[in-house]
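Enquirer: According to TrEMBL:
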- A:Ala34, A:Glu55, A:Leu63, A:Val99, A:Trp385, A:Gly392, A:Val393, A:Ile394: FAD binding site (BINDING)
- A:Gln170, A:Gly171, A:Asn172, A:Val173, A:Arg214, A:Arg215, A:Glu226, A:Gly392: NADP(+) binding site (BINDING)
- A:25-183: domain 'FAD/NAD(P)-binding' (DOMAIN)
Amino acid sequence: YASSHCIYFSGARGLGTSPAASCPKVCIVGGGPAGFYTAQHLVKTRPDVQVDIYERLPVPFGLVRFGVAPDHPEVKNVMNTFTQTAQHARCSFHGNVSVGKDVTVQELQEAYHAVVLSYGAEGNRTLGVPGEDLAGVHSAKDFVGWYNGLPTNRDLRPDLRCETAVILGQGNVALDVARILLSPVDILKNTDITQPALDTLAESSVRRVLIVGRRGPLQLACTIKELREMVNLPGTRPEMEASDFECIAKMLKVLPRPRKRLTELLLKVAVETPEETELERRNSAKRAWGFRFFRSPVEILPSDDLTRAAGIRLAVNRLEGEGEDVWAVTTGEVEDVECGLVISSIGYKSLPIDPAVPFDPRKHIIPNTMGRVQKCAAGLYCSGWVKRGPTGVIATTMNDSFDTARTLLHDMDEGTLDISTVKPGSAGVTTILEKRGVKPVLFSDWEKIDSEESKRGEARGKPREKLLDVGEMLKVAWT
Amino acid sequence: MAASASVRSSVGLTLRLSRVIPDCSKCPFNRLNSYFNGVAGLSKVDRFRTLNRHLQTSRGLYHSEESAGAEDPEEDAVNVVYIDRSGKRIPVKAKVGDNAMYLAHRHNIELEGACEASLACSTCHVYVNRDHFNKLPEPEEREDDMLDMAPALQENSRLSCQIILTQELDGIELTLPKVTRNFYVDGHVPKPH
């Protein structure tokens with residue numbers, strides 16, 4: 001049915017040339033939301049375009065699989081949309097292919113009419129403070145990767161035998177980490193959190209989580225859904241500094257709706273006297289969490305034997321500027337907080353993939369205009385975090401990916417992008433990979449991994465039990 | 001028996017067949033699915049009654065949506081107009097109980113639904129025309145939370161996956177937000193090929 005659709009439109013091109021050989025071919029680097037949404041838009045809009053998605057890991061879906069928190073399964077429903085795209089007749093998925101290593105971007109450009117870079121942000125911003133390399137200090141990227149089964153983070157082994165954890169940064173990732181650290185294990189045990197993480201969290205001594213930000217309550221970076229989840233987290237109570245909230249209430253009426261609703265909830269939790277049942281609930285809660293505002297990390301303080309983190313020194317800030325444009329300035333005061341776990345959640349960061357691709361070393365993105373890569377020959381595009389920077393939810397990336405697809409299609413229509421030549425597409429790349437001993441994982445192979453994970457999960461009352469090791473994934477994929 | 005089989009088939013099938021492939025109107029499964037989606041919103045009693053009618057008139061399964069509407073009593077029909085991102089008006093005949101997001105999907109209107117109506121995203125965001133906006137039930141807190149994250153939020157913004165069509169909403173107009181930042185400067189619209 002789907003392939004007959006292709007013939008209706010592209011069969012008219014002429015006798016003698018096989019429709020598939022002469023159709024426009026696009027290669028997408030990265031099998032996460034940006035890659036899939038870009039592919040979806042291309043395939044839906046032009047009935048003759050063939051799209052191939054290359055992904056380094058054997059498994060697709062990127063941060064939807066490895067970033068979205070285990071207790072947010074509805075957010076992962078988008079995998080069904082991506083699955084439909086991957087199964088479309090004019091789309092194919094090739095996992096276990098590392099672009100930049102197994103095949104170069106230049107080789108991809110020779111095989112395809114256009115290459116879209118959608119490989120996201122696998123690095124993280126560093127604090128740049130002494131003590132950052134002590135045991136007990138992790139980036140949120142690694143901590144999240146650990147509980148979500150990213151193979152690279154399998155051996156993280158975070159030590160949760162401390163009472164206080166300090167999270168630097170107040171975005172949604174920081175709140176996810178706080179929530180996973182403090183959630184009752186009974187809630188987590190039926191999610192797709194990895195078993196080793198579940199076991200570690202079950203033994204955790206962490207009872208208090210501070211979520212630290214440089215600026216004030218009005219600059220809080222998380223969104224209301226995540227804040228509400230913390231407020232309603234069973235077995236926990238909020239602990240905030242009321243003094244941080246002076247002058248906030250009177251700002252409410254001039255705030256735009258999303259900020260207003262967020263601030264109202266924050267004020268309610270931080271400042272208002274709770275009514276009786278809530279008061280009782282808080283008094284009986286054994287775990288606590290709170291925001292600390294106007295604080296920047298200066299140093300992570302070592303234990304007596306200098307091997308691990310035992311505390312953090314925070315500079316006290318005040319704000320300068322007005323309205324949307326406020327920044328933190330140190331007052332000179334510092335404050336030491338005892339803690340055994342420091343999670344730095346100050347942002348992901350894209351890395352350059354290949355010398356042939358321009359990269360902005362300051363902004364850590366690929367320089368582009370509306371998704372068209374600048375400072376290079378035609379035919380190179382980008383979408384998602386590597387294009388705009390590592391912020392935003394799935395909806396943001398979706399719109400962004402559609403934008404890039406529109407730019408690409410526009411270039412095809414206008415002739416800026418030459419699609420008149422015949423390109424080998426995946427056939428060309430497969431030849432190169434074979435020579436280098438690289439075997440791609442096709443979508444049908446991923447489905448075997450998917451099925452195995454679901455089967456193992458079922459035994460434990462979880463939606464899936466993720467395979468944690470690339471070798472194991474490949475073994476299952478190619479049975 | 002085909003009708004009850006279609007009822008038993010998962011919503012996943014509905015999504016599978018109404019999403020990626022552009023022209024679904026030729027496929028008999030599409031009509032089964034659109035029937036199923038229309039039924040999904042009704043109460044148990046209504047569902048049984050409607051099912052019965054369709055089992056008896058097996059021809060109903062294979063009609064296009066337009067003529068299936070003609071067989072039903074007028075009380076069930078709700079006129080909806082979608083205004084797509086290029087400003088084009090797309091009138092659609094819906095039934096009481098239809099979900100405005102899935103209705104758009106069935107008519108290949110460019111509306112996403114990443115989280116599949118579970119209030120975990122804002123990709124089905126639409127603007128509702130003034131007259132009908134006030135007739136909609138108040139959003140629950142979770143919908144407001146998700147709307148807060150939608151780009152180009154307006155006072156008449158709603159998540160279409162939470163709009164269930166009733167007789168009162170006849171004539172409702174749902175506009176898709178222009179969320180792109182790079183809609184062609186020269187007004188160019190890509191030609192379908």
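Note that the numbers count up from 1, one per residue, in the order the chain is shown.
Cβ atoms here come from the backbone N, Cα and C positions, even for glycine.
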Enquirer: Sort out the sequence-distant neighbours of A:Val173 (NADP(+) binding site) for me: same chain, 6+ apart, CB within less than 8 Å of its CB, listed by position.
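Expert: The list for A:Val173 (NADP(+) binding site) reads A:Gly67, A:Ala140, A:Lys141, A:Val144, A:Ser345, given in order along the sequence.
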Enquirer: Round to the nearest Å and give the CA-to-CA distance linking A:Gly392 (FAD binding site) with A:Glu226 (NADP(+) binding site).
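Expert: Cα-Cα, rounded: 14 Å.
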Enquirer: How many Å separate the Cα atoms of A:Ala34 (FAD binding site) and A:Asn172 (NADP(+) binding site)?
Expert: 19
Enquirer: Under a criterion of Cβ-Cβ distance under 8 Å and sequence separation of at least 6, what residues of the same chain contact A:Asn172 (NADP(+) binding site)?
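Expert: Long-range Cβ contacts: A:Ala221, A:Cys222, A:Thr223, A:Glu226, A:Val393.
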Enquirer: Can you name the binding-site residues among A:Val99, A:Val173, A:Val393 whose Cβ is less than 8 Å from some Cβ in chain B?
Expert: A:Val393
Enquirer: Nearest by CA distance to A:Leu63 (FAD binding site): which of the binding-site residues is it, out of A:Gln170, A:Gly171, A:Arg215?
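Expert: Nearest candidate: A:Gly171.
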Enquirer: Just the number: how many Å between the Cα atoms of A:Arg214 (NADP(+) binding site) and A:Val99 (FAD binding site)?
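Expert: About 37 Å separate the Cα atoms of these two residues.
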Enquirer: Reduced to three states, what secondary structure does DSSP give A:Ala34 (FAD binding site)?
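Expert: Note: A:Ala34 (FAD binding site) is helical by DSSP.
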Enquirer: Can you see whether DSSP assigns A:Val393 (FAD binding site) to helix, strand or coil?
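Expert: For A:Val393 (FAD binding site) - judged by DSSP and reduced to three states - the answer is coil.
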Enquirer: Indicate whether A:Val99 (FAD binding site) is helix, strand or coil by DSSP.
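Expert: SS state of A:Val99 (FAD binding site) = strand.
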Enquirer: Could you check which of the binding-site residues (A:Gln170, A:Gly171, A:Arg215) sits closest to A:Val99 (FAD binding site), going Cα to Cα?
Expert: A:Gly171
Enquirer: Could you check which of the binding-site residues (A:Gln170, A:Gly171, A:Arg215) sits closest to A:Glu55 (FAD binding site), going Cα to Cα?
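Expert: In terms of Cα distance, A:Glu55 (FAD binding site) lies closest to A:Gly171.
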Enquirer: Just to confirm: which same-chain residues, 6+ apart in sequence, have a Cβ under 8 Å from the Cβ of A:Gln170 (NADP(+) binding site)?
Expert: A:Ile211, A:Val212, A:Gly213, A:Leu220, A:Ala221, A:Cys222, A:Phe291, A:Ser345
